[in-house]
Amino acid sequence: METLVTLLDVGFFAALVRISTPLLLASLGELLSERSGVLNLGIEGIMLFGAMTGFTVAYFSGSLWLGVLAALLAGALAGLLMAFLAVVLGVSQHVSGIGLTLLATGLSFYVYRLVFGQPASPPNVVPFRPWPVPVLSDLPVVGPILFNQMPLTYLALLAVPAVAFLLYRTPWGLDLRTVGENPRAADAAGVNVWRMRTQALVIGGAMMALGGAYLSISQFNAFTFGVVSGRGWVAVALVVFGLWSPWRCAAGALLFAALEALQLRLQANNVLHVPYQVLLMLPFVMTIVAMAIVSRNARAPAALLVPYRKEER
Amino acid sequence: MIRVRLERREVTPAWLQVAIPIASVLVTLVLCAALVRAAGADVIEAYRILLLSTFRSGYDVQDTLVKAAPLLFTGLAVLVAFRAKFWNIGAEGQLMAGAVAACFVGERTFLPAVSLVPLMIVSAALFGALWALLPALLKVRLKVDDVVTTLLLNFIMLYGVTALLEGPWRDPKSGYPNAPSVRIEAEFPLVPGLGVHLGVALALAAALLVWWMMSRTTLGFRIRAVGHNPAAAAYAGIGVGRVILTAALVSGALAGLAGAGEVGGVRFQVTSDLSSGYGYAGIVVATLAELNPLGAVPAALFFAIVFNGAGTMARATGVPIYLADVIQGVALVTMVAGRLFATYRPRLVRPLAPAPAPGPEATPSPLAGRGGGVAAEGR
């Protein structure tokens, strides 16, 4: 037990915040989509597509920020495609989402192979470096944990209050939530349901892709085919786990990130004789258990999965 | 501006059931031609190799059939579940569960040699079914969302198997984290005359059996009724929960059988990369088959042909092998979009007066018809 405690030092918490970045961005993106009434299962593919696009553009332009911009655009485009399928055509969100994931995944592999071929060693970029915040980063404990992080990590941390503000404190957020709960009432009140949902999917898609790009140009310095490895599905679970609230969603992301950070520590220090896969598995098991426990109270947006057709009742 | 109005069809004409998948595949190939061009290859030549290299030799035909078997199994698994509106995205994990069970049984030295293959098949179906039962129970009893649970269970299974393969179940004689190979007697026999393993024949038999079950038995009728309208099914006295559980068991068993085929006929051991996405591909197969068990056979064959030809195409033309994955994704998307034509009839509509220049054929706004229709912006 003592060894376990010594593992939980400042470095551990700094790693936790770092690891939570893609989960925060992706789950908040998914949350926006779901609050508007659309489950976007394209998330896993969109993250990979963002990782590939961000890396490729950063590699050739030499600018990480251009890579970020490209990833945002790629994600927005993928969100637009999801909107065309799930909002305009109103087809099954489950199946079109899985289709988008397969499509974006295949496309990422295809484009990467086309651009880079099969080099002996994978091409890499110089990734983002930490941006210490003046003064604040010198604070004990809090400084290294929160204020000596990568720029995209700050962005992810700021995205939590930003999404909460957007959802609960702006007319746009009210419209979005109404569209997700009762599209017919929203429509009657003059809100354009299709437009709101499309906006949510486009913004959400951009956030998912940014989460992916963080992996390939910030957390790591290269794009690999397994770089996302299920983080998108974890984000879908986090939204349920967090009962569709940005704050609880973020808390869940930090918790899941803590498990992954712990797993890395234990693997490196070789103290606990538990297979590391058990710790990797834990977030998934916990989500299912949590879903079973809260299922009676869990209230997904009422119109989730229901396409809106103006003239149909 | 001319708008396209979609009117709900009363019945879907039979020819559309065949025409939509074929059209989706053609549209997919046309869309993906842009990618082939981007790779600097001749589109016709690349597609010729992609689609026809299966038919070069008996060996390639066999190879394609062997690749089609798990796709057919998972496709059937998905369609049975989807028919009951049980959103089983977990065929990948259920396949793995079946593979683990089959491999474990196939290694047992105390079992009589002749019992190995039948026991592997039965235990794989059983374990696959059990792995699907968990999310179905959560759905039926606690209303827990099945999409998320079936998805997550894939990862739980994968990490669990990897832990076993890197730990207690690792083959000490192998340099890789693999399970020990099954006994020689546990390797699936070849189908006489075809030269493909037993699993291929089982998959085909399963397609017929599932077709019979869905269209000729009470269970199949109940599954379709529950999927169509659970409230009406419950009103008619059908135990909706029980039907969903049964459909989940059948679905999981079919996916588990895919795992048995891969262990017994192809790999002879469990590796962590055993499945390579067959579970997700099953969703594409089922959708392309319009959830029709017999339609799953050509759908699975088509993707097996594409997967088989992609390697040859990549070597001959330099088009990345991942074209196969893109085709799979695009086909699913175009098919989902194309399905709209089965439910809706598109009709060109001119807007209400005052029109700027009413032509001679300007018609008044057509009545929306019974129940109305969907107005979609015209292109």
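Every residue, even glycine, has its Cβ placed from backbone N, Cα and C.
No curator has checked TrEMBL annotations; they are predicted automatically.
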Write down the single range among A:38-60, A:222-244 that appears in TrEMBL as transmembrane segment.
A:38-60
Select from A:98-116, A:174-192 the stretch of residues annotated by TrEMBL as transmembrane segment.
A:98-116
If contact means at least 3 Cβ pairs within less than 8 Å, sequence distance 6 or more, would you call the transmembrane segment (A:145-168) and the transmembrane segment (A:274-294) in contact?
no
Closest-packing stretch to the transmembrane segment (A:98-116), where packing means Cβ pairs under 8 Å, from A:38-60, A:66-91, A:200-217, A:274-294:
A:38-60
Apart from its near flanks, which chain residues at least 6 from the ends of the transmembrane segment (A:6-26) lie with a Cβ under 8 angstroms of it?
43, 47, 141, 144-146, 148-150, 152-153, 155-157, 159-160, 207-208, 210-212, 214-215, 218-219, 231-232, 234-235, 238, 250, 253-254, 256-258, 260-262, 264-266, 269, 271
